[in-house]
Structure formats: C-alpha cells, structure tokens
Amino acid sequence: MAKLIVLTLLGMGLALFKNHQFSYQTRLNALREVQPIELPNCNLVKGIETGSEDLEILPNGLAFISSGLQYPGMKSFNPNNPGKILLMDLNEEDPTVLELGITGSKFDLSSFNPHGISTFTDEDNAVYLLVVNHPDAKSTVELFKFQEEEKSLLHLKTIRHKLLPNLNDIVAVGPEHFYATNDHYFLDPYLRSWEMYLGLAWSYVVYYSPSKVRVVAEGFDFANGINISPDGKYVYVAELLAHKIHVYEKHANWTLTPLKSLDFNTLVDNISVDPETGDLWVGCHPNGMKVFFYDSENPPASEVLQIQNILTEEPKVTQVYAENGTVLQGSAVASVYKGKLLIGTVFHKALYCEL
C-alpha cells in the first residue's frame with residue numbers, strides 16, 4: 001500500500017511538472033519565429049554595444065537611454081563595468097550618443113545598474129530623470145536633475161521602500177511621485193526563479209509619493225513596462241509573460257481602476273506613448289526563451305508594435321518592425337520622434353530607422 005501511495009505521488013508530481021513545463025514554454029512563447037519586416041534607412045547607433053533597455057525622448061528631441069543593465073539570469077556583454085545614461089540628439093542628421101556625467105557626492109557610480117527610466121518637466125522647465133537602479137542586486141529609484149548646458153545629471157536623492165523590492169519600470173507623475181512595476185514578489189533568487197517558473201502572478205504596481213506609498217494594481221505574471229496617456233487619465237501596464245497590456249483609469253487620489261486588456265502573440269516589454277497621437281509603441285520579445293536562455297548561435301529576435309486608438313473597442317495593432325536577431329537582439333523599447341523610430345534592447349545594440 002505504501003509503495004502504491006509513493007508511486008501515485010510521484011506520478012502526480014511528474015504530471016504537475018510536465019504541466020508547468022508546458023505552461024512555462026507557452027508563457028515564454030518558446031516556439032515562435034518572426035518573419036522579417038524591414039524599415040528604410042536603418043542604422044545601428046554608434047556607441048551602444050551593451051544594451052539600451054529603456055529610453056525617453058523629450059519634446060525637443062533629446063533622448064535619454066539607459067545602458068549596461070545587468071539583470072539576474074540575463075546575458076550581459078559587459079558584466080564587470082557599471083551602467084550609464086546616454087544622451088542622443090535626434091535633431092542631428094547622424095545622431096550619436098554621449099555619456100552623461102553624474103555629479104553628487106553621495107551617489108555610488110561603481111554600482112550603477114540602470115533599468116527603467118522616466119522624465120518629468122516642472123513648471124519652470126526643469127527636467128528631472130528618474131532611474132530604476134539595481135546596486136548590488138537591490139532596487140532603488142535615483143532622482144536626477146538634467147543640466148543641459150553641462151550635459152550632466154545632478155543626483156538629488158535615492159529612494160528606497162519596502163514596496164519597491166524588485167523594480168523594473170517607472171513612469172514619473174512628479175519630481176518625486178511615480179508609478180512603478182515590481183516584476184517579482186520574492187527577493188530571494190531561488191524563490192524568484194520558482195515564482196517565474198510556476199507562473200504565480202504575484203507581481204504588482206506601486207504608487208509612490210514622499211507622503212504615501214501603496215500597491216495600486218496586482219496579480220501580474222511579470223509586470224514590466226508602464227506608462228501614462230498624454231492627458232494623464234490612463235495608465236498602461238505590460239504583463240510580460242501573460243502577453244498582455246492592461247489599461248487602467250487613474251483617479252484623483254492616484255488609485256487605478258482596470259478598464260481593459262489587450263492580448264498579443266509576443267512578450268510585451270517597455271511601453272512608449274506618442275505625446276501627439278497617444279499611440280503606444282512597444283518593444284517586444286517574440287520568443288522569450290531566447291532572451292532568458294541566450295545562445296549566440298540562435299539569438300533572440302526583435303519586434304516593435306504600434307497600438308492606435310487603444311481606448312476604443314477595436315484598437316489597431318501594427319507590427320512595424322521585426323528581425324530575427326542578426327541585426328538587433330532582444331528589443332525592449334521603441335519610441336518615435338518626427339518620423340524616426342529609435343529601438344533599444346535589453347543587452348545588445350540600438351537601431352535608428354525612418355518610418
């Protein structure tokens with residue numbers, strides 16, 4: 001009888017493992033390949049070789065780019081050096097990148113590991129850059145003031161909080177006010193790996209202000225990119241491993257109410273919003289298995305989606321760019337400026353194209 005119970009439990013465990021393995025491969029879109037969609041006059045951005053995971057374009061065409069991310073379990077082409085923030089002027093005929101100097105006596109440059117970024121411009125036209133940072137595998141938000149003439153960032157403050165343990169992306173709604181995604185619930189690397197493998201969907205979105213911090217949305221299978229509509233009424237959240245983008249209504253007290261969700265056949269990463277049209281531009285991973293388990297002989301592909309009229313009953317989704325990894329590996333973000341498209345990657349290069 002004891003042997004029968006043991007065999008039954010083993011059989012149940014094996015079946016459960018196989019089910020989770022199938023689910024895991026499905027969530028990672030492990031079998032998908034892309035058909036290339038090219039754009040005219042695409043050029044790799046000189047000076048970016050170790051990632052351009054997130055980017056933000058100001059109305060005047062200056063683009064901030066976070067580079068050098070070292071994320072647990074992900075490929076890095078420069079694992080022994082700190083990350084950096086790059087500046088690119090998209091008004092130039094052949095734009096190049098410049099590394100922004102960082103000033104501020106209390107900021108540790110040696111452990112700088114930038115991830116998601118967001119800007120906020122106040123009434124005096126002062127530009128603040130908020131950066132998700134992972135020093136020593138922890139999570140902080142670094143607040144900088146952009147000094148345009150000096151081409152530098154002045155570090156003002158480091159923000160830490162128990163509800164910001166596993167930060168991924170951020171959208172600023174004030175100099176020290178923001179929404180942010182936590183892509184995992186657990187801090188322990190072992191538990192994080194099981195959380196992701198089992199698809200526990202325990203990650204969440206937080207609203208932060210100096211006076212109050214709270215969870216405003218939860219139940220995500222790897223919450224990732226986040227952004228806000230030009231009128232400030234709606235917040236968009238990418239759920240990477242569920243292949244969804246969620247739309248939330250934002251209220252005066254900063255709480256969020258779910259409105260709708262869109263499903264995709266790709267892993268949606270960072271979301272950029274066109275300030276003029278309100279269109280969403282999304283950097284995507286067609287096959288997540290290739291991103292999380294990197295093989296230089298079979299590199300991850302890149303894909304960019306444009307979503308128009310997302311608040312209507314029938315949003316229009318267009319696959320604008322797709323490439324199998326020979327040019328651009330692991331696209332994480334895409335944003336537009338005056339008919340040009342800038343595409344960034346988790347750990348690889350960046351591409352600048354005409355639309």
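Heads up, the Cβ atoms here are built off N, Cα and C, so glycines get one too.
Just so it is clear, the model here is predicted, and its values are computed rather than measured.
The feature signal peptide is assigned by TrEMBL to 1-15.
Counting every protein chain shown, 20 other Cβ atoms lie within 10 Å of the Cβ of Cys353 (disulfide bond). The disulfide bond annotation in TrEMBL covers Cys42-Cys353.
Per TrEMBL, Ca(2+) 1 binding site is recorded for Glu53, Asn168, Asn224, Asp269, Asn270. A sphere of 10 angstroms centred on the C-beta of Asn168 (Ca(2+) 1 binding site) encloses 27 other C-beta atoms.
Annotation for Asp169 (Ca(2+) 2 binding site): spatial neighbours Asp54, His115, Gly116, Ser118, Val132, Ala180, Thr181, Asn224, Gly225, Ile226, Asn270, criterion Cβ-Cβ under 8 Å with sequence separation of six or more. Sequence annotations record features per position, and here TrEMBL assigns Ca(2+) 2 binding site to Asp54, Ile117, Asp169.
Per TrEMBL, active site, proton acceptor is recorded for His115. Cβ contacts within 10 Å of His115 (active site, proton acceptor), excluding its own Cβ and spanning all protein chains shown: 23.
Proximity of Asn253 (N-linked glycosylation site) to non-local residues of its own chain (separation of 6 or more, Cβ distance below 8 Å) is seen for none. What TrEMBL lists as N-linked glycosylation site is Asn253 (among others).
When other Cβ atoms within 10 Å of the Cβ of Asn270 (Ca(2+) 1 binding site) are tallied across all protein chains shown, the result is 28. The N-linked glycosylation site annotation in TrEMBL covers Asn270 (among others).
Feature annotation from TrEMBL assigns N-linked glycosylation site to Asn324 (among others). For Asn324 (N-linked glycosylation site), the count of additional Cβ atoms within 10 Å of its Cβ stands at 19 [all protein chains shown].
For the recorded positions shown (Cys42, Ile117), fewest C-beta neighbours within 10 angstroms: Cys42.
Neighbours of the Ca(2+) 2 site: apart from Asp54, Ile117, Asp169, residues of the same chain with C-beta atoms within 8 angstroms of the site's C-beta centroid are Glu53, Leu55, Glu56, Ser66, His115, Gly116, Ser118, Val131, Val132, Ile170, Gly225, Asn270, Val333. Separating the Cα atoms of Asn324 (N-linked glycosylation site) and Asn168 (Ca(2+) 1 binding site) is a whole-number distance of 25 Å.
Cα separation, Cys42 (disulfide bond) to Glu53 (Ca(2+) 1 binding site), rounded: 19 Å.
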